[in-house]
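To start, the structure under review is shown below, and the notes come after it.
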Amino acid sequence: MALLALASAVPSALLALAVFRVPAWACLLCFTTYSERLRICQMFVGMRSPKLEECEEAFTAAFQGLSDTEINYDERSHLHDTFTQMTHALQELAAAQGSFEVAFPDAAEKMKKVITQLKEAQACIPPCGLQEFARRFLCSGCYSRVCDLPLDCPVQDVTVTRGDQAMFSCIVNFQLPKEEITYSWKFAGGGLRTQDLSYFRDMPRAEGYLARIRPAQLTHRGTFSCVIKQDQRPLARLYFFLNVTGPPPRAETELQASFREVLRWAPRDAELIEPWRPSLGELLARPEALTPSNLFLLAVLGALASASATVLAWMFFRWYCSGN
């Protein structure tokens, strides 16, 4: 609605420029219409008075000191109300047969005092960001502008030791709106230090203005980006280049050393390994093989062999005798 009101005021301001032939738009032309100003002059000098043009020129000339005024954008409605009250006061003076030569300069001085009492706009805080609280309204053109700063903030370098925690704070040094603020995070891996959005991928699990990486590994080397938005409109993009350096922690180093030791002694081809089955000669030749259990087995084997030989001899003897 504010944009529509401003758009409707522009043709009136252009018409005023053509009629009054002033070099620049003043606050008077931004917050009053041509018909309102013409009506006031008609009340002062009459509908078709030869002094009508003189009155119109005097009206704009009295407010020329406000042509380059800049105000806090949020104070527009306050200033608009003040100009509305001024037009009503001038109409009352005209109805009371007052003089426009006195009324217009007096009204302009009062308006200057009101403008000096308005809340000032915040100064632009470099180096980046869409800073709505620093938006200003320019009477020289009846338009507003924000700080001429890029949306992308410079890359911040963060260096951590491998295995430690890396933390990023998505905080800007200018005031943010209080409502509908969201934070989204992206990551460009491979050790890239970049602001090119085509290299980034979303990190859906990262929420809020604070992000932690723990423990930091070499795979985390790259650029992390945080986008601050208000109602889907970007306000700032912050970048953090994470450089992971140094050896891993001591505990991890010892674990890796143990793992490498196991790999060194582990068989390469487990399917080719056969269990050791020593022969009788190997058992007798290796004293360490003659354990009590092995000696017991040897005795059992000897007894079985002797019994088998006895049985075979007896069976042979019976067969031989039965043949005779």
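Backbone N, Cα and C atoms are what each Cβ position is placed from, and that goes for glycine too.
Under the heading signal peptide, Swiss-Prot lists 1-26, citing sequence analysis as support.
Per Swiss-Prot, the feature disulfide bond maps to Cys27-Cys139 (among others). For Cys27 (disulfide bond), the Cβ neighbour count at a 10 Å cut-off comes to 28, with all displayed protein chains included.
Sequence annotations record features per position, and here Swiss-Prot assigns topological domain 'Extracellular' to 27-295 based on sequence analysis.
Taken from Swiss-Prot, the feature disulfide bond applies to Cys30-Cys142 (among others).
Feature annotation from Swiss-Prot assigns disulfide bond to Cys41-Cys55 (among others); the stated evidence is experimental evidence. Using a 10 Å radius centred on the Cβ of Cys41 (disulfide bond) and all shown protein chains, the other Cβ atoms total 24.
The disulfide bond annotation in Swiss-Prot covers Cys124-Cys147 (among others) and rests on experimental evidence. Cys147 (disulfide bond): 20 other CB atoms within 10 A of its CB, across all protein chains.
Taken from Swiss-Prot, the feature disulfide bond applies to Cys128-Cys153 (among others). The DSSP secondary structure for Cys128 (disulfide bond) is coil.
According to Swiss-Prot, the feature domain 'Ig-like' maps to 150-236, an assignment based on experimental evidence.
In this structure, Cys170 (disulfide bond) belongs to neither helix nor strand by DSSP; it is coil. If you look up Swiss-Prot, you'll see Cys170-Cys226 (among others) marked as disulfide bond, on the strength of experimental evidence.
Per Swiss-Prot, the feature topological domain 'Cytoplasmic' maps to 317-324; the stated evidence is sequence analysis.
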Discussion item. On a C-alpha basis, identify the one among Cys27, Cys142, Cys147, Cys226 that is nearest to Cys153 (disulfide bond); the candidates are the disulfide-bonded residues.
Written reply: Cys226
Practice prompt. Find the one among the disulfide-bonded residues Cys27, Cys128, Cys139, Cys142 whose C-alpha lies closest to that of Cys55 (disulfide bond).
Written response: Cys27
Worksheet entry | Cys41 (disulfide bond) - helix vs strand vs coil (DSSP) | helix
Worksheet item: Can you tell me the three-state DSSP label for Cys142 (disulfide bond)?
Response: coil
Item to complete: Count up the helix, strand and coil residues in the domain 'Ig-like' (150-236) according to DSSP, in that order.
Response: 6 helix, 41 strand, 40 coil
